[in-house]
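Chemist: Quick one: the structure is below, questions incoming.
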Amino acid sequence: MAGKSSIMWFRKGLRLHDNPALLDACKDAAHVYPVVGVNRYSFLLESLRDLDASLRARGSRLLVLRGTPEQVLPRVAAEWGATRLCLEADTEPYARARDAAVRQSLEAAGVEVAASISHTLYDTEMLVARNGGRPPLTMQARPRGAGGQGPAGSFTKLVDKVGDPPPPAPDPPAALPPPAEGMPSADPAVTGVPTLAEVGFTEEPTTPFKGGETEALARLEASFADPKWVAGFQKPETDPSAFDRPATTVLSPYLKFGCLSPRLFHSRLLAVYRAQKKHSEPPVSLRGQLLWREFFYTVGAHTPNFNRMAGNPVCRQIDWDANEEFLAAWREARTGFPWIDAIMTQLREWGWMHHLARHSVACFLTRGDLYVSWERGMEVFEELLIDQDHYLNAANWMWLSASAFFSQYFRVYSPISFGKKYDPEGRFIRRFLPVLKDMPAKYIYEPWTAPLEVQRKAGCLVGKDYPRPIVDHAVASKACIARMAAAYRAGSAAATAATGEGADGAAGPSGSSPAPKAKGRGGKAKEAVASAAGKAAKAVAGAAGAAGKKAAGTAAGSKRQRTLKESLGLQGGKEAAS
DNA sequence: ACTAGGTTGCCGGC
DNA sequence: GCCGGCAACCTAGT
């Protein structure tokens with residue numbers, strides 16, 4: 001009797017390969033109902049269409065349910081006589097709350113809920129337990145002596161200790177138990193995969209990347225066609241300006257939606273590493289990239305308020321500016337720095353940029369130039385990236401803003417030199433900012449330095465066709481470093497002040513207190529931050545003044561205020577970016 | 001208490 | 001090509 005009908009609820013994990021939850025749903029079931037809720041991305045909708053096609057090839061189909069999960073799932077379970085709901089576990093805060101509600105309403109109705117872990121390589125709970133109850137906060141910390149079996153360590157060390165992740169699950173049967181005939185809620189007319197228009201979008205997507213498991217596997221094969229490249233991959237050496245053929249795999253959106261299983265990817269990598277004599281190692285290797293994902297999922301899933309500064313125990317508290325003008329210029333690709341604006345345009349058009357390109361724009365927005373909070377940048381990425389992934393997005397923004405994981409805030413990316421190093425001709429800029437397509441290479445990273453007649457000849461007048469830079473990088477980056485130093489000092493002072501209070505361990509997983517105290521920065525944190533803010537202001541003025549004297553030729557003044565005013569006069573240049 | 005090392009900076013001086 | 005400056009960072013391990 002039990003197990004006659006199951007519901008397979010697809011959320012992430014939009015694939016048939018390595019799908020333990022789907023296998024679970026098929027076990028002893030005469031009827032399996034593969035269902036999903038509606039979301040808003042075209043990449044997602046393509047993934048759903050592909051999943052539906054794959055299910056149809058096996059005698060089934062996808063049923064897209066409209067409604068709130070905790071309401072609609074019990075209703076169809078009753079209608080279909082389903083006794084089990086099978087799903088892939090999801091540790092994101094939103095998913096946890098949703099799944100708790102669904103579990104409650106289904107179990108009240110006598111429907112069993114069975115979760116499988118297949119979105120990450122490992123069960124992150126297990127990893128944390130094996131690390132002594134706390135997630136590691138470093139990816140790699142080379143042990144100095146012979147690698148002992150110490151209690152806590154870096155993430156790579158932890159993974160070495162735990163061993164290889166489980167292999168991918170076997171493929172599902174060639175014929176899947178189909179939904180029963182004649183069920184009203186399984187009517188194709190009401191459960192078809194929606195179109196973009198139906199979800200409320202009027203514009204056509206501009207991303208060149210197509211969603212779906214089929215595409216994901218094809219892309220995986222394309223990368224693995226060159227085993228030497230796979231074995232020799234070193235992330236920091238890949239070219240962020242490559243766009244005809246991106247320098248990395250672009251598998252991130254497929255991993256995000258689960259069109260590609262990380263375990264399948266990982267097992268393929270191990271096979272190549274076994275076959276090739278030499279291969280690169282984490283953290284820079286291709287396998288290292290999967291471990292970064294795993295690392296951030298592990299820390300993120302076990303840290304309260306991970307995607308915020310306040311109340312986030314791993315995040316440094318920094319006095320970011322709420323500068324709407326700067327934020328808007330950055331978001332709308334009109335900072336006046338072609339390298340930055342081209343990347344932000346690629347983000348809007350493609351929904352994807354190279355990892356190091358993300359570094360450039362994230363550093364620029366936060367600790368490098370504009371001193372705007374990483375949370376604002378994270379929100380923009382969240383809206384525009386096709387590979388937007390809750391934990392990875394938050395973690396990388398904290399990294400780049402030197403708020404967590406990384407603290408060498410004086411290592412600032414130059415919005416001019418960094419791109420030039422890879423692409424001296426400015427091909428990337430010409431592709432994404434056509435207004436600059438005829439600017440000579442000599443000036444393309446700094447068009448404001450081009451003589452007026454050169455600008456005229458290139459058909460691009462700076463200040464009219466393309467914005468002037470909103471900051472003087474030499475001035476702004478020095479000021480930012482000074483403010484970061486002050487914020488760090490304030491943090492350490494607050495931490496010292498807070499140690500007197502003792503009580504709860506800093507990174508305790510149950511640190512549910514909403515008070516903004518990071519790394520044990522306790523009650524007196526506010527005072528310390530406030531007093532340091534005064535020092536910071538002085539430091540900014542001092543550093544900016546000194547740098548301003550050095551930067552003789554430029555018109556940008558010694559005060560941030562002045563550059564802000566200049567930026568206000570640049571609105572006319574907006575269309576230049578489009 | 002102290003030290004080594006940390007996926008991926010940049011500039012100027014030698 | 002290798003330093004030090006930026007400003008004295010963090011975590012893990014001894």
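Glycine is no exception: its Cβ is also placed from the backbone N, Cα and C atoms.
All TrEMBL annotations are machine predictions without curation.
Taken from TrEMBL, the feature domain 'Photolyase/cryptochrome alpha/beta' applies to A:4-121. The region 'Disordered' annotation in TrEMBL covers A:141-191, A:500-527, A:543-578. Positions annotated as compositional bias 'Pro residues' by TrEMBL: A:164-181. If you look up TrEMBL, you'll see A:248-252, A:289-296, A:387-389 marked as FAD binding site. Residues or ranges marked as site 'Electron transfer via tryptophanyl radical' by TrEMBL: A:Trp320, A:Trp374, A:Trp397. Taken from TrEMBL, the feature compositional bias 'Low complexity' applies to A:500-517, A:543-558.
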Chemist: Are there any residues in the same chain, six or more apart in sequence, whose C-beta is under 8 angstroms from the C-beta of A:Trp374 (site 'Electron transfer via tryptophanyl radical'), and if so which?
Modeler: A:Met309, A:Trp320, A:Ala362, A:Leu365, A:Thr366, A:Trp397, A:Met398, A:Leu400, A:Ser401, A:Ser403
Chemist: Fewest other C-beta atoms within 10 angstroms of its own C-beta: which of the binding-site residues A:Val250, A:Leu290 fits that?
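Modeler: Per-residue Cβ counts within 10 Å for the binding-site residues A:Val250, A:Leu290 bottom out at A:Val250.
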Chemist: Count up the helix, strand and coil residues in the compositional bias 'Pro residues' (A:164-181) according to DSSP, in that order.
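Modeler: Grouping H, G, I as helix and E, B as strand yields 0 helix, 0 strand, 18 coil.
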Chemist: Just counting, how many other CB atoms are there within 10 A of the CB of A:Phe296 (FAD binding site)?
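Modeler: 25, counting other Cβ atoms within 10 Å of A:Phe296 (FAD binding site).
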Chemist: With every protein chain in view, what's the tally of Cβ atoms within 10 Å of the Cβ of A:Trp320 (site 'Electron transfer via tryptophanyl radical'), excluding that atom itself?
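Modeler: Step by step: centre on the Cβ of A:Trp320 (site 'Electron transfer via tryptophanyl radical'), count other Cβ atoms within 10 Å, giving 21.
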Chemist: Counting by DSSP, what is the helix, strand and coil composition of the domain 'Photolyase/cryptochrome alpha/beta' (A:4-121)?
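Modeler: Helix, strand, coil within the domain 'Photolyase/cryptochrome alpha/beta' (A:4-121): 50 helix, 25 strand, 43 coil.
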